[in-house]
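Colleague: My questions all concern the structure below.
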């Protein structure tokens, strides 16, 4: 009886099972992402670092004792690089810019350092017997404007006792002092005075050779850092900037110390720009950036002489000897037309911030002389000019006013130090006339408070020198380059290798940041070009700094610039070594792209690879994963440490040196675990395919048979049916019983799978062996053919060489024989000459 049922085709089942398993493994592997390290990516973050200076001091001032000490700076780059960063938006804040703080500290240090070796004027804190100065001028034909005539009491001729070179001897001397520099001791006696600062501060005399003319200073970032520059024309100093570039150094900034008016600065490229931390807060200073400069010409017309007074051994006091001619006030002249037009534009610009109010200007509301007057230094003299005429609304409402505005000025020699309370400086008088021409490029204003909403009154202000530096540094910020980046890729570090320690590379901050606006995929293509620039940039910058430092070796001490250059050198090397150390710890030394075996965690970022590499820039990606950078770095380092341990164990062969390791229980537990996993997987596959097969056959109309049902099994045609006693043909099929029980089922599946794998592996090995055998035979035949061919051509070349040598030898022999024969004939002819002569004589005698 024939039993019909399901017939299991183990061969096809094994093929489909392996195909499904391979597909599952491939799909699972395709979904895994791994951390990859990139070196040279255009990423930065805001930072605070030590800046150094660059200047062309020698082209401006030949005096080596310039107070700004810019001779110690690095020479400026004749071809400065500026790289525009496409598709980059960066936030700036001029009110929280460390560059301002650093410049302020530097200028204070320069002032202090210029005064350190100079004379203390403590011996001058004595009683002064003063009278109004008497001029020795003549009746000039040129009339002097009454407004420019100096008050007779403005300059006092004072006498006092001082110590000579011999300490126990005193000498009575006289000197000229401005009335602003002395104070009356006794109210009842208008002839006894003292220096104004003797009761409150120490007085230091400026060195006689010091020059006060500001020289442009370029602030530069050390290697590993960059300076970002905002190029928007109407940028207010705060907020986002879409036109960003990166530079190595700032433009030349003149450190002009002044109040109320900003002198000799840069101009706005577009319209007049108003900058304030909070313009609605009347306590905040308003910086007005002009787009057109207004010339201001200042002069001290008096022809002064300077003399020396000894204050004892090693101390010399410089004072005004006499004034030749009529005494006239120092003053400044400003073009009325230019100033009126400028003030009208400033009013209109301020009106845009206060649309419902009338803008008015007024003079300073009071305070120290440095605030109420326009204070600045002109050729070494400190001017204090009255600017009431500049901010007179009534005068400038008259459109017909086109004259020259004259600002009366006073000069002080004892100046309060702007950088520190309780200190004063005595400025040496300058001989001769003094004239300086400057450009007004900005204003420092304050707004009146109160509840008056119809009028907004603005007054000149200043006094905080940081605002002067902000007016020039508003468009810059310092950032630290982060050339190390991590991102997910499909590449994984497969094997542990002992890596060769190659020379590291790095990233310069100009051309290197040019790819900042590109996508991550586009930027990663140029990693080699970007990374090659850092080390060369560091070396070049270090060389420039070293030359500048060597130029100062003849000095007893370094200036503030020299110290900054040393700091910049150390900082650049430290910054570079820090990155190289991380790369070394991660096993990525000398590599621009370094794969790892750290799996990418979707909690760090669940974006797809296409979205990351096709749409995001490195800056955007860095912000995305910045919170997880430390964790990723730690995992990479731990992974590398584990790899190095594994490498050490493999190289030492500690676990395989002895056969007894095979009997270690931990090893066997590991083997058993793997075996259980394999068996479990096979059983799972068996169940899945059985269910699928049953479902498929049920859909075709079959009913599932019991596992105890015998199914027909085809017999091979060359095998007789039955046993010896039961001969005859009983059909081509026979019934077999399905296996029963879980273990039998598992054993049967495992046995069939092993047989299937064995047969296919055997066939594959036979085919591979046959292919290799044929390949070896053909290779051997090809080698023999090449050997015969080489032997043939070698013999041919040998024969050709022999023939060539024979022909050459024959030709040389023939040529040699002819030469020898010719020489022999010539020799015989010479030898026969006497005999021919004798024969001729004999014939003649006969």
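From the backbone N, Cα and C atoms, a Cβ is placed for every residue, glycine too.
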Colleague: Among 627, 788, which is the one flagged in Swiss-Prot as N-linked glycosylation site?
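Modeller: Out of 627, 788, Swiss-Prot attaches the N-linked glycosylation site annotation to 627.
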Colleague: From 392, 806, name the one Swiss-Prot lists as N-linked glycosylation site.
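Modeller: Going through 392, 806 one by one, Swiss-Prot flags 392 as N-linked glycosylation site.
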Colleague: Region 'V5' per Swiss-Prot: which of the ranges 435-443, 453-461, 462-470 is that?
Modeller: 453-461
Colleague: Swiss-Prot lists region 'V2' for one of the ranges 158-198, 199-239, 240-280; which is that range?
Modeller: 158-198
Colleague: Look up region 'CD4-binding loop' in Swiss-Prot and report which of 287-297, 342-352, 353-363, 364-374 it refers to.
Modeller: 364-374
Colleague: According to Swiss-Prot, which of these ranges is coiled coil: 588-622, 623-657, 658-692?
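Modeller: Of 588-622, 623-657, 658-692, Swiss-Prot gives coiled coil for 623-657.
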Colleague: Taking the Cβ of residue 53 (disulfide bond) as the centre, count every other Cβ atom within 10 Å, in any protein chain shown.
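Modeller: For residue 53 (disulfide bond), the 10 Å Cβ neighbour count is 29.
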Colleague: State the residues, same chain only, that lie 6 or more residues beyond the ends of the region 'V2' (158-198) and have a CB under 8 A from a CB inside it; answer 'none' if no residue qualifies.
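Modeller: For the region 'V2' (158-198), the far contacts come to 121, 123-131, 133, 151, 309-313, 317, 319-323, 369, 384, 410-414, 416, 424, 429.
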Colleague: Near the region 'V5' (452-461), which same-chain residues lie under 8 Å Cβ to Cβ, leaving out any that are not at least 6 residues past its ends?
Modeller: 259-261, 285-286, 350, 354, 356-365, 371, 374, 387, 390-391, 443-446
Colleague: For the disulfide-bonded residues 130, 230, which Cβ has the most other Cβ atoms within 10 Å, all shown protein chains included?
Modeller: 130
Colleague: Residues of the same chain, at least six outside the region 'CD4-binding loop' (364-374), with any C-beta under 8 angstroms of its C-beta?
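Modeller: That would be 180, 258-261, 332, 383-387, 407, 409-410, 412, 416, 418, 448, 459-463.
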Colleague: Which number gives the other C-beta atoms within 10 angstroms of the C-beta of residue 158 (disulfide bond), all protein chains shown included?
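Modeller: Cβ-Cβ neighbours of residue 158 (disulfide bond) within 10 Å number 23.
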Colleague: For residue 385 (disulfide bond), write down the residues of its own chain that are at least 6 apart in sequence and whose Cβ falls under 8 Å from its Cβ; none is a fine answer.
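Modeller: When sequence neighbours closer than 6 are ignored, residue 385 (disulfide bond) has 298, 330, 331, 332, 373, 374, 375, 376, 407, 408, 409, 410 within Cβ distance under 8 Å.
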Colleague: Can you tell me how far the Cα of residue 754 (S-palmitoyl cysteine) sits from the Cα of residue 53 (disulfide bond), in Å?
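Modeller: With distance taken Cα to Cα, residue 53 (disulfide bond) is 78 Å from residue 754 (S-palmitoyl cysteine).
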Colleague: Cα distance, residue 297 (N-linked glycosylation site) to residue 436 (disulfide bond), nearest Å?
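Modeller: On Cα coordinates alone, these residues lie 6 Å apart.
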Colleague: When the region 'V3' (298-331) is classified with DSSP, how many of its residues are helical, how many are strand and how many are coil?
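Modeller: Helix, strand, coil within the region 'V3' (298-331): 0 helix, 28 strand, 6 coil.
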